[in-house]
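Single-structure report; data block below.
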Amino acid sequence: MTAAQAAGEEAPPGVRSVKVVLVGDGGCGKTSLLMVFADGAFPESYTPTVFERYMVNLQVKGKPVHLHIWDTAGQDDYDRLRPLFYPDASVLLLCFDVTSPNSFDNIFNRWYPEVNHFCKKVPIIVVGCKTDLRKDKSLVNKLRRNGLEPVTYHRGQEMARSVGAVAYLECSARLHDNVHAVFQEAAEVALSSRGRNFWRRITQGFCVVT
């Protein structure tokens with residue numbers, strides 16, 4: 001797997017291209033997920049994303065695929081700019097922090113309505129990020145003091161079904177756990193009939209990867 005951040009880099013002739021767009025609340029873990037996948041390094045400090053584009057090459061069924069991955073800003077200040085990056089999206093990753101019930105609720109309340117408006121018929125994958133923090137006792141206790149709990153795997157599955165996603169995946173960028181699987185699944189969904197026909201399958205079963 002190779003990665004580049006040069007905006008002008010395009011797929012070589014004969015290589016399929018897939019545009020992946022990550023959306024979700026600011027700080028939910030989508031940027032760390034992308035950086036670990038593309039560069040192999042976890043960012044120890046948080047810097048809010050404006051908009052970033054990465055190019056990554058991988059294999060799908062033995063054939064090269066060129067991923068154009070867009071990381072979008074989740075802050076309200078960028079609501080008018082974000083839709084500029086949706087055209088021609090092949091697959092959407094709706095990301096949330098499993099230790100942030102608010103970011104989880106926003107998948108249904110904010111992000112799904114937005115992408116459904118601007119990207120009709122584009123397949124969706126819901127991604128639960130920061131799974132390593134489910135075992136952070138300090139964070140869990142803080143949530144419990146406010147009457148909250150980390151988002152469970154089962155609730156993530158239910159959310160994916162509720163927005164008609166083709167898959168639900170969980171990952172930990174810090175532990176490099178399941179990171180590659182997220183983007184491998186995105187590429188495979190974008191290139192398969194599973195992705196092309198997903199809007200007809202909202203009430204049917206979907207793939208779950210942990």
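Placement of Cβ uses the backbone N, Cα and C atoms for every residue, glycine included.
Copied over from Swiss-Prot, here are the features:
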type    : residues              : note
BINDING : 24-31, 71-75, 129-132 : GTP binding site
LIPID   : Cys207                : S-geranylgeranyl cysteine
MOD_RES : Cys207                : cysteine methyl ester
MOTIF   : 46-54                 : motif 'Effector region'
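Sparsest Cβ environment among the binding-site residues Thr72, Gln75, Thr131 (other Cβ atoms counted within 10 Å): Gln75. Cβ-based neighbour count (10 Å, all protein chains) for Gly24 (GTP binding site) stands at 28.
Lys30 (GTP binding site) has a Cβ environment of 25 other Cβ atoms inside 10 Å. In the structure as shown, the Cβ atom of Gly27 (GTP binding site) sits within 10 Å of 18 other Cβ atoms. Under DSSP, Thr72 (GTP binding site) is assigned to a strand (E or B) in the three-state scheme. Following the DSSP three-state reduction, the secondary structure of Lys30 (GTP binding site) is helix.
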